[in-house]
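Undergrad: Here it is: the structure, laid out below.
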Amino acid sequence: MKRILFKSGTLVDPGSGRVWQADLLVEEGRIKAIDSGMAAPRGTEVVNADGCLIFPGCVDVHVHLREPGFEYKETIATGVRAAVRGGFVAVAAMPNTRPVADSAAVVGYVRARGEEEGLARVFPVGALSRGSEGKEMAPLGEMRQAGAVAFSDDGRWLADAQLMRRVMEYARMLKAPVISHCEEPTLTKGGVMNEGITATVLGLRGMPAAAEEIAVARDIILAEFTGCHLHVAHISTAGAVRLVREAKSRGLKVTAEVTPHHFTLTEEAVQGYATCAKVNPPLRTRADVEALREALADGTIDIIATDHAPHAREEKEVEFDQAPFGISGLETAIALVFTELVHKGILNLPQAAAKLSLNPRRLLGLPGGVLAEGEPAELTLIDPEREEEVDPAAFASKGRNTPFAGWRLKGWPVGVVVRGKWIPVRPLPGEGLREI
Ligand SMILES: [Zn+2]
């Protein structure tokens with residue numbers, strides 16, 4: 001495997017909290033050396049990283065790759081390209097495919113297809129219940145053996161408390177987290193957006209914050225009861241944040257993720273019946289967005305994950321009530337983190353790197369996430385000053401469904417190192433200068 005030398009990058013290590021300028025040498029898929037003024041050994045690929053931040057490789061713990069079964073929305077091939085273009089070296093694939101990933105066969109298929117592509121790594125998430133129908137436990141042990149890194153019925157909440165208890169007991173034995181889509185379904189039946197003034201004005205049926213909070217509360221209680229690691233997916237309300245904060249203060253094994261759309265947008269993005277902003281959980285109020293940002297800053301929210309949910313154009317170009325939920329998020333996430341959180345002083349650089357790399361890896365039990373000699377060399381290079389307009393037509397994802405089209409964002413990924421390869425995705429900051 002070849003050597004790659006990154007010259008004069010700004011290293012951001014969430015492990016130690018350090019930010020410093022240095023050269024970084026990659027060899028045999030590991031960080032061989034970190035030093036200043038390093039000479040390139042013969043046969044080394046040299047990348048001028050001056051002006052770039054070097055993060056440990058970013059990992060998205062929540063994506064929908066749609067394969068098998070919905071290849072017209074996305075495939076594993078297009079999904080891993082979208083991941084790399086978005087600055088992610090690995091993704092966890094949710095099991096709501098057709099068939100559902102509720103067996104070793106489907107889990108193994110998703111994993112193998114990811115390996116075949118040779119780009120971002122794909123880690124399958126197995127279902128909690130057969131068909132994610134909430135009735136019978138799925139075969140967690142055999143899925144774990146086939147490579148499942150976590151378990152989830154994402155898209156649905158496992159409402160049967162006794163079944164959730166048993167699943168959590170089993171997942172704990174298998175040392176895998178349970179990722180819960182927290183939505184009490186009787187309160188959200190028929191709902192298409194957040195319940196509140198905007199829904200009333202638009203005449204749309206709402207989904208109250210209470211539906212999420214009831215589910216989070218029950219799941220925290222069951223996590224305490226069983227000792228299972230509960231990970232709350234796409235947290236979106238101030239009340240849910242309070243519950244997670246309280247659970248953490250008591251030392252429970254509870255973590256949470258937030259999506260870029262939930263920390264950026266409010267329910268008002270739906271005005272004009274904008275189906276591109278129809279998402280589940282729904283976009284909430286300004287007070288909820290403020291609570292999410294505060295929770296990111298104080299560590300209550302551990303992870304930023306996209307809930308990448310690509311859909312075909314014709315599916316979203318229908319009446320609001322009929323449109324599917326979801327946003328194609330992989331290719332705008334890092335730019336939103338920089339524009340909305342880093343440049344606004346809500347997260348410092350090591351915190352941002354922790355929420356995009358170290359903490360996602362800890363959740364999934366993956367090594368890496370720190371910049372130190374001997375560590376796995378998965379890297380994400382980011383130009384924090386680059387400004388670019390979001391152009392869904394340029395997405396590698398098949399899903400162009402985004403409420404951020406035309407937004408001018410600052411801070412974009414320029415390339416990743418994964419599987420020992422340097423994959424550039426945008427010009428390096430030094431490149432323009434060299435042409436002059
Ligand atoms: Zn979900």
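Cβ coordinates are placed from backbone N, Cα and C, and glycine is handled just like the others.
Keep in mind that this is a model prediction, so the values were computed, not measured.
Checked TrEMBL, it gives:
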| type | residues | note |
| --- | --- | --- |
| ACT_SITE | D307 | active site |
| BINDING | H62, H64, D154, D307 | Zn(2+) 1 binding site |
| BINDING | H64, L65, R66, N96, N280, H311, F325, G326 | substrate binding site |
| BINDING | D154, H181, H234 | Zn(2+) 2 binding site |
| DOMAIN | 52-237 | domain 'Dihydroorotase catalytic' |
Undergrad: Between the binding-site residues H234, N280, F325, which lies closest to D307 (active site), Cα to Cα?
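TA: For D307 (active site), the closest Cα among H234, N280, F325 is found at H234.
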Undergrad: How big is the Cα-to-Cα gap, in Å, between L65 (substrate binding site) and D154 (Zn(2+) 1 binding site)?
TA: 13
Undergrad: What are the other residues, in sequence order, whose C-beta lies within 8 angstroms of the center of the C-beta atoms of H62, H64, D154, D307 at the Zn(2+) 1 site?
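TA: Close Cβ neighbours, site residues excluded: V63, M94, G155, A233, H234, A305, T306, H308, A309.
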Undergrad: So which other residues, same chain and not among D154, H181, H234, have a Cβ within 8 Å of the centroid of the Cβ atoms at the Zn(2+) 2 site?
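TA: Filtered neighbour residues, in order: H62, M94, S152, G155, I179, S180, C182, E183, A233, P281, D307.
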Undergrad: Which Cβ among the binding-site residues (N96, N280) has the fewest C-beta neighbours inside 10 Å?
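TA: Each of the binding-site residues N96, N280 was scored; lowest Cβ tally within 10 Å is N280.
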Undergrad: Of the residues named as substrate binders, H64, L65, R66, N96, N280, H311, F325, G326, how far apart in Å are the Cα atoms of the most distant pair?
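TA: Largest pairwise Cα separation, rounded: 17 Å.
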Undergrad: If the criterion is a C-beta within less than 6 angstroms of any ligand 1 atom, which of the binding-site residues H62, R66, D154, H181, F325, G326 pass it? List them in sequence order.
TA: D154, H181
Undergrad: When the Cα of H311 (substrate binding site) is compared with the Cα of each of the binding-site residues H62, H64, D154, H181, H234, which one is closest?
TA: H64
Undergrad: Would you mind giving the whole-number mean pLDDT across the domain 'Dihydroorotase catalytic' (52-237)?
TA: 98
Undergrad: Measuring Cα to Cα, how far is H64 (Zn(2+) 1 binding site) from N96 (substrate binding site) in Å?
TA: 8
